[in-house]
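Below is one structure, written out as structure tokens, with a few remarks after it.
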Amino acid sequence: SQAHFEEDSQKQPAVGHWKTLMPSKGSKEEPETGCQDAGGVDETQSTEQLNVSRLRSSSVEIREKGSEFLKEELHKAQKELKLKDKECERLSKVREQLEQELEELTASLFEEAHKMVREANTKQAASEKQLREARGKIDMLQAEVTALKTLVITSTPSSPNRELHPQLQSPSKAVFRKGHGRNKSTSSAMVSASQNVTPEPVSHECKEVDSILFAEFQAWKESPTLDKSCSFLDRIYREDVGPCLDFTKQELSELVRVAVEQNTLTIEPVASQTLSVVKVSEEECGGPKKCALSGLPRICKHRIMLGDSGNYYYISPSCRARITAVCNFFTYVRYIQQGLVRQDVELMYWEVMRLRREMSLAKLGFYPSEM
């Protein structure tokens, strides 16, 4: 193949020399060729111009369409921008409103907190004042309890202290004040005949404990109560209290018994001066010369009031002795219930028996002349 290539290269003419391919017979063929060349050039130029015009028209259309598209996009963007502005404005107003509400809420919370602090300080001051008052009352009550214990130790129904109980003195020695002094069964024992009579020495008496009565008292002492359903008080009600408070005027007798049980009976001496007007008739309440309980004509040196009714009933010395004997018994029983009596069980039992004896004597009509 290399040999053929060399031969061909030797046969070809040298570069730059014209080689006549065909003899020219005339000059007519040359112009034809030139015309043909000129026509081809015109067609090419017209085609190019057409193509250019087409390109220009298409570019114009593209520009117009692009400008329309851009205008539409710009219009959309402006609308969206306006919406965003409105949304930003709305959110700004919401934020301002929230900030204002937050400030108002913070101010109200601070005001409420200050108000609560003031109220707490006021309540604390009031509580401290109440605490100081309560402590003062406690100290006063403790002093009263101490005095009451001293009173119980130094004065019992069996051996009363007349200096601590002015009501035990005789009427001739008692000083009558304006409005008359009162002896309430709530503060001390009532005056009884036995308290003004010198009892016989204990060593001169022969005593023997009744096993049944002592067993009932011991059972009651384990859990002292004023409920008369227990066997100890039930017996005393049947044998002593009931008969001792059984007077001729049954209705008034029942009221007296209830007042003694509720510790609301008041006995006071009658002054020699004119008596105040009472709410009930003289026939019902008796008078200085008529006993309201027995209905008999007797000189009445004392009168009673039941509770806070304001009605006074005049009683004879015998009726007074019976009422005071029952009151002395209930007073001593209340002392035991409240834990104020610090004695041996047997000693308390004999004191109860002595009070029962006084009720029996008063029922039989025995009472001291001072009554």
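Each residue, glycine too, has its Cβ placed from N, Cα and C.
Copied from TrEMBL, the annotated features are:
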COMPBIAS  1-10  compositional bias 'Basic and acidic residues'
REGION    1-57  region 'Disordered'
COMPBIAS  43-57  compositional bias 'Polar residues'
DOMAIN    59-149  domain 'GDP/GTP exchange factor Sec2 N-terminal'
COILED    67-151  coiled coil
REGION    176-196  region 'Disordered'
COMPBIAS  184-196  compositional bias 'Polar residues'
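Note on the domain 'GDP/GTP exchange factor Sec2 N-terminal' (59-149): DSSP counts are 91 helix, 0 strand, 0 coil. The DSSP breakdown of the compositional bias 'Polar residues' (43-57), given as helix, strand and coil counts, is 15 helix, 0 strand, 0 coil.
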